[in-house]
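Data first, discussion second: the structure below is written as structure tokens.
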Amino acid sequence: MSDKNRLTTTAGAPVPSNNTSATAGERGPVLLQDYQLVEKLAHQNRERIPERVVHAKGWGAQGTFRVTHDITQYTCADIFSKVGNECEILSRWSTVAGELGAADAERDVRGFSLKFYTNEGNWDVVGNNTPIFFVRDAFKFPDFIRTQKRHPKTNLRSPEAMFDFWAAQPESVHQVTILMSDRGIPVNPMHMHGYGSHTYSMWNKDGVRHWVKFHFRCQQPIQNYTNAEAEKLIGSTRESYQEDLYNAIEDGNFPRWELNIQVMPEAEAETCGFNPFDLTKVWPHGDYPLIPVGMLEFDRNPENYFQMVENAAFSPSNKVPGIGYSPDKMLQARVFSYADAHRYRLGTHYEALPANAPKAAAGLNHYHKDGTMRFFTNDFGNPDAYYEPNQYGGPVADPSVAEPPLRINGDADRYVQQESDADYVQPRKLYAEVLNDAERDRLHKNMAAAFGPCSRSVKDRWLAVLEKVHPDYAAGVRAADAASDSDVNAIPVSDETPTEAAE
Ligand code: NDP
Ligand code: HEM
């Protein structure tokens, strides 16, 4: 047998059998010294890693980003320094609430994560297919996610919990409207837009900062499933997104998105009439038009899904000089949360895994040493320079890449972002001006189907929120609820009287 084809142990020794256990006599028992059997079983027990706490179900692809327009007036990031610049990209699209084995075509927000492997290191945009989010303070994120996951007693998803929470957080109505609209079930990841959602910033070579929103405009038509279509599809396949995406790329139909930015001069944040750092609000296109920047094309399926997609670690903390954060409270929390999740989910040196290694970076020099997963050299070729400062020419920080000072003022305190009329303006515009009659009708029915199993008190509280968006919205959902038999399969809710806080 050739060495090339010969099965070996992980230590490289040839293996005599991979099918038959070594036993004492023909009928057993098994010998403990059959180390390869022990090894095989032990490895199987370690094949799963924790699924992502959110966005567990996902689909990925690799490709190239190419700069098509000059935005050097806004950013000094090297990737944008010249029209025609290119870099490799990795994307992972996902649903939020479902577990790793969830059906693909479920009504949910879709995650839209991107890793740009640039010369200056990895730049990640970890966004969604919606330009906004349900809440605007990170304190509320774990509670929000809890309402999307399973009830502790029934172990079922709980519409009661979802709408109870949303009714108490009326700023969520903008995102819930998008979720319950046609765009709540894209036919697959290739037919939806992507958004960075948060406000980020860019600074140019003169240190001038602009606030920026990222938009990934889908170059394929926007296509969605109705509830009925999705239910039928899930009955025949739960993996429709993986199938569609994988097959499209294998067939040479490469999905593309155009990167656009909206730009706001730094000082205008004080005068623009709304809080541009509120994640529940968009910047109107009329005031802040889309500026084209470049094209993303995905032309490769990962050779190994686990290695490139399950092991991928996207984080808003991965940014490059010329691109920065904003005061958005949610973004600030996310900058902490993702790397923390990666250390838990993937391990100490998760950045060295093939999906995450900064493969295009001009250099990789840091002082993190040792620890589990340290399967690469720990001295970057200079063993004496293992602390800093040192006299041995070890890596030193480069002040020229420092971000210009971020102007902030005010007293440190807990500032409640109170519900206000402004929370209803944008959902009202979406409902009354962007959607047409047929889309509004489906929105009413989708919402009624989703909250059908809820208690009367939750329904009434949620309808009161819709009323503030538009009376027709509340009336439409109320009528659709009355006409539907969606509470036939109602999940029992607690008999306890709702607390005052929930009323
Ligand atoms: P525009 O008329 O310029 O933009 C409307 C936007 O809404 C378009 O991007 C359109 O996407 C998108 N859209 C259409 N149907 C839906 C849907 N069911 N769910 C989510 N988005 C949808 O107006 P404005 O910029 O003034 O925004 C008006 C409202 O549109 C906002 O209040 C917000 O609710 C929504 N919106 C705004 C976005 C923004 O960044 N300004 C982005 C997305 C939504 P398409 O171009 O594919 O038709
Ligand atoms: C995944 C936290 C808000 C988009 C995750 C993960 C965590 C997390 C811990 C799992 C990461 C991993 O294991 O790799 C948070 C917190 C938030 C928040 C604390 C608010 C304070 C948001 C928002 C968006 C978003 C506002 C979109 C605009 C995503 C996406 C993923 C994800 C797309 C999947 C990443 C991937 O594909 O690997 N989030 N999140 N999250 N989150 Fe958030």
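Including glycine, each Cβ sits where the backbone N, Cα and C put it.
Here's what TrEMBL has on this protein:
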| type | residues | note |
| --- | --- | --- |
| ACT_SITE | His55 | active site |
| ACT_SITE | Asn128 | active site |
| BINDING | Tyr338 | heme binding site |
| COMPBIAS | 7-23 | compositional bias 'Polar residues' |
| COMPBIAS | 478-490 | compositional bias 'Low complexity' |
| DOMAIN | 8-396 | domain 'Catalase core' |
| REGION | 1-26 | region 'Disordered' |
| REGION | 478-503 | region 'Disordered' |
CB within-chain contacts under 8 A for the residue listed as 'heme binding site', separation at least 6
Val126, Ala313, Phe314, Ser315, Pro316, Ser317
Three-state composition of the compositional bias 'Polar residues' (7-23), taking helix and strand from DSSP
0 helix, 3 strand, 14 coil
Any idea what DSSP makes of Tyr338 (heme binding site), helix, strand or coil?
helix
Using DSSP and three states only, what is Asn128 (active site)?
strand
For the C-alpha pair, I'd like the distance in angstrom between Asn128 (active site) and His55 (active site), rounded off.
10
To what whole number does the mean pLDDT across the domain 'Catalase core' (8-396) round?
97
Which chain-mates of His55 (active site) that are at least 6 residues away have a CB under 8 A from its CB, listed by sequence?
Ser94, Thr95, Val96, Gly111
